[in-house]
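Note sheet for the following structure.
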Amino acid sequence: MVEDSKARIGGPNNSSVTKKQEPRLYVVLCEASLETYTSNDHRTSLLNCDDHQGILRKMGRDIAEARPDITHQCLLTLLDSPINKAGLLQVYILTKKNVLIEVNPSVRIPRTFKRFSGLMVQLLHKLSIRSMESSNTHLLRVVKNPVTKYLPADCRKVTLSFDAEVMRPQEYLGDKQSVCVFVGAMARGHDSFADEYVDDKIAISNYPLSASVACSKFCHGAEDAWAII
């Protein structure tokens, strides 16, 4: 792994700081397609629909399932948001294989998919990515399930469903209670992926949304509800 493929800790917005007196937004990217493949020449790569169509067909897999780029897009959207820079966002990734990954709010995810893929291969192999500046800081790490053990006891848990009542995210978000939104990080599928966790299902648009846009709308809603500029 070349050095510039590694995640780096952020600058002044290093947000391992938890603002306990303020509500927080938690986002869980569910059904994330993060799976490694080792070729005959012993090279390991992140399985994806662009580079491994033939391999996926041989496996009898739906090519549309191998979309790690969706997780990449969501992470860039979430970590660039003002609510993350304010220290009030925590992101988790739950893969299709039920691997739970904790994302440090200060991590700088590589902008290119190629470098992101290399980072994910390293993470899934080593189970942790540490800061280059401080070996005690985990930027990405695999943690034990279930994700609910990392949420506040009074945290409202919600997922998005096109069939549910449409409302603006800021209407759902209160001014004092933390909320965890479960977002499907897949190209298509049913909205039942988080039924075991959630209290509510809502729709936030009259139109189908990509996972990245759904993340963006919820972040903007929280920023409006909690006066984050």
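These residue numbers are counts, starting from 1, taken along the chain as shown.
Placed from the backbone N, Cα and C atoms, the Cβ positions cover glycine too.
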Suppose a student reads Swiss-Prot and sees Gly184, Gly189, His190, Asp191, Ile204, Ser205, Asn206, Tyr207, Pro208, Leu209 listed for S-adenosyl-L-methionine. Which of Leu151, Leu160 should they find annotated at that same site? Leu160
Counting across all protein chains, other CB atoms within 10 angstroms of the CB of Gly189 (S-adenosyl-L-methionine binding site) number 13
What number of additional C-beta atoms lies within 10 angstroms of the C-beta atom of Tyr207 (S-adenosyl-L-methionine binding site)? 7
Arg115 (site 'Interaction with substrate rRNA') and Arg108 (site 'Interaction with substrate rRNA'), Cα-Cα, nearest whole angstrom: 12
Looking at the recorded sites listed here (Arg67, Arg111, Arg115), whose Cα lies nearest to that of Tyr207 (S-adenosyl-L-methionine binding site)? Arg67
